[in-house]
Structures are given as structure tokens and as C-alpha cells.
Amino acid sequence: MGDWGFLEKLLDQVQEHSTVVGKIWLTVLFIFRILILGLAGESVWGDEQSDFECNTAQPGCTNVCYDQAFPISHIRYWVLQFLFVSTPTLVYLGHVIYLSRREERLRQKEGELRALPAKDPRVERALASIERQMAKISVAEDGHLRIRGALMGTYVASVLCKSVLEAGFLYGQWRLYGWTMEPVFVCQRSPCPYLVDCFVSRPTEKTIFIIFMLVVGLISLVLNLLELAYLLCRCLSRGVRARQRQDAPPAPGTSSEPYADQVFFYLPMSEGPSSPPCPTYNGLSSSEQNWANLTTEERLASSRAPLFLDPPPQTGRKSPSRPSSSASKKQYV
């Protein structure tokens, strides 16, 4: 099991950049393939060739019959299946590592350019180019890469390859061995002189192990297909949301264009009034007419005598300007 440690660490890093279904697939891969294959596989299939016996004494007949019965050992076939199925995942991990390193280099270069005191147009163009490149690399708040853009394409391709390889190895196992281990294998191959019966050790235990690995392979294939469906639905939902945002009408008072043509009402300042002027009275303007009316009213008020006058205040001396009593009487009469 020590030989699988490095591969386990690599696949553990892939789990940080996978979907929920992908994490379940990796769990099935670790527990039901690596552990079971490492712990129980060698003990079950360790006596595969040593206990394979045939009822003949012909030299070399047992070896050729074993080669015909098992073109490749089950345990080695499953190890090969595990390596091939894990290869697309490792390719995806390589893409993740490449994008992470690239994002780090871009951030470092951006910091160096922003630290420059002078604002050179070439520096501004370089910063704009770096921002465009970083926009293509979607990074989450926790520092992990989001599965979008080119990374999404690599992830979908890896899942497709895993599905094809899984189905291919299941078909190959069925063509080579079938789904059960027969206790007796009949062999007729040179240099065997006749039909030879060969006997397999612990066929029932090996049949159970074969069925178990078959079920694990089917579960892995189903998980890959579910992940493909999940990724397809995810891409479709993103496309629908993006289309809805594009087709949504702008809010009142806003415009989708930065400088849309708008119509404004205004009053012309250089032209004369469009309506005719108000008519004047007696050829005078309104202000002159009001002033004439006010003057006429004042003249009438000054010529009109008051009906009642209060008696003047009694003082110690007689006012020289007071009119005589006869004049007052005449005025009131």
C-alpha cells in the first residue's frame, strides 16, 4: 500500500476542485478500490498460479493452460483499470495546478507594476492586459478555482474519458473471464496430448470478489454519468440566467446604452414670444395705466371732504394756524 501513497495525495487534491458527485466518485475509488484491492486482493489471488493444477504430467501443459485460463491476472487487470480510470483525473489536476500557478504569477506581476511610481502608458496597458487574463481565471473567495471556462471543458472531458474507460474495462472483464469463476477449466492446447482438466483454488471466494469489483465498477460508471448530467444542467442554467439578464428591460430612468438619445422640452431664448402681446388701454402699457389710475384715485380722495373730524386736542396756547370758528362752521355747512 505504500506504493499508492503518492497517487492518493494527488487524487486528494483533485477532491478540492471537484463537484459533489465527483467527490463521491473519489470516495468510492479510495475505499472500495484502493483499500479493498490492497488489503484483500493479494490474499485472495496470491495462490492463483501456484494452486492451479491440471491432471497431466506433460511438461509445460499446466503453464499453457494457465495462460489460456487467465490471459491477465484479475488483480493486475483491476490495477490497470484503476490507473487508466485515474489518468483523466490527473490530467485535470495538472490543468488546475497550471491555472493556480499562472494566477499567482499574474498577481505578482500586477503588484510589481502597481508599485511603480510613474504612470507610464505602457504600464497601464500591461495592467489592463493582466486584468483581462485574470478575469478568465475564476477564483473563489477561499482561493480555490471555480469550474468555469477552459477548466470546465477539461473537467467535462475528464469525466467523459472516465466513463468510456470504465465501460470499456467492464466489457473487457466480461469478455475475458465472465462474471463467475468456474472451479474446473477444460484445456486443449499444445503441448497437452488431450483434453486436460485444470482446477482453480477457492473459486467461490474469487467469484464473490469478482462480483464485488463488478458492482464497484458499475457504481463508478453511474456516478460518472450522473456527474455529466449535473454539469450539463449547470451549464444550461448559467446560460439561461445570462440570457435572462440580457433580455431583461432596463429599470425606469435608466438606459441600456451609455449615451442614449433622449428628448427634452426647452423654451427658445433667442426668438420672440409666439403669442401676441396683451392689449393696452388707451395706447398705454399696463404699468403706465396702473400709475394713471392710482393718480386719479389720489386726486379724488384729496378733493373729497371728510364727514367727521375729531376735535383738536386742548392745549395751553392757541395754535396760530387754527381756522376761525366762523370758517369752520362754513366748512361743515
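Glycine is treated like the rest: Cβ placed from N, Cα and C.
Swiss-Prot assigns SER18 and GLU112 to topological domains of the same name, so the membrane does not separate them in that record.
Among the recorded stretches 21-40, 149-165, 208-230, the one sharing the largest number of Cβ pairs closer than 8 Å with the transmembrane segment (77-99) is 149-165.
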